[in-house]
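A short write-up of the structure that comes next.
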């Protein structure tokens, strides 16, 4: 600046020194390219302006979110009262969705209001594929929670949000890919986001894990209806096969599986009911992590039931048979679809490590055991196993000798009587079935004989010949035929 000042004075140009100083008054020379600020003050001013712009964008995004929720609620409340035409309804829904899509670009950008308005116009000209798809209440709630969460991460949170939106847009254009290829895309996305947080933003590992859980919750809630049990796979067919198999194995008792659980204890019975409830509730969740949480809660109830029964901590050898029994007794809906969904789209760091991964592995082993269960697995003969599978008979009830000493005599006698009645009922049903079968066989035999006789009669008709003349008695007088010898007369010989 001093050299420039000296050159200007030599040329006869008067330069005011105050015009070359920084506008902020720090004493350093300013730069016209930086609007008269020095480099340090320019960075401070730029940072303040950027923070102010980001805060305004946050406020704008929240206001647009509130307006959208109010518009959605009002449209739902007045849907039955107002008779809107189909075209008007589509136009209103399109406008609401267009405003929601443009919120993304307004959310984190540091551009001016004019730039944001220009982006909004461009976005309206090129509608997103999700405009004609009405978001559910749960999806909106999860999106709002995800936005609130990433606000705590500041700049890394902005980067996470942009990466998630880019991934969702990419997946919308990859619907034609197979479910395995979509799974690979999701796994690569998890790995890239985790590496980006650790290497670029230096986020601690515990915060990275928490952020990945929220990322999984956000993207899988939006992708759930496209990737869970898709029509291009045979997941539904496998679900029906497993469900039919479990129904056929309803007769399996805890004693056959060597389950160390006594349901006669009230606390143990409650634990078994809770475990069944948790494993059934897994199907109602949309996030793989939430489904794993249901499996974990079910497993912990099983461990508690074993511990109460045996008065000692449960082991892995006790846990797996009990889990098999819980699955047989609960028959969870869409079991194979849920297992495949978790395998394909769960965060690999959670699935491969920790107690969630351990319990999930045991559930997969339990399902595989049920699919291949045979007579040898239950220590039964093949004949008994076949009879139990076909429903011809069922395993015997608990004998009275196995009751605890505290049980009164009346209860033992009642159980014995019920057992006898059950056996008599089975015998009666078997006799009735055999009698019906015999009756049907007799009817079929009678019909068959009648048909054969009719065929023979038709093939060989009966011809009735006229009656022949009766033969004359030997001792009678034969007038017509005199050639017959006379009848013999008895003779008496002397001596």
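First residue shown is number 1, and so on along the chain.
Note: Cβ is positioned from N, Cα and C throughout, glycine not excepted.
Note that this is a predicted model, so its numbers are computed, not measured.
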**Which listed span TrEMBL calls region 'Disordered', if the choices are 118-137, 138-157, 158-177** = 118-137
**Prompt:** So which range, 29-48, 49-68, 69-88, gets flagged region 'Disordered' in TrEMBL?
**Reply:** 69-88
**Complete:** For the domain 'A20-type' (16-50), the averaged pLDDT of the predicted model is 68
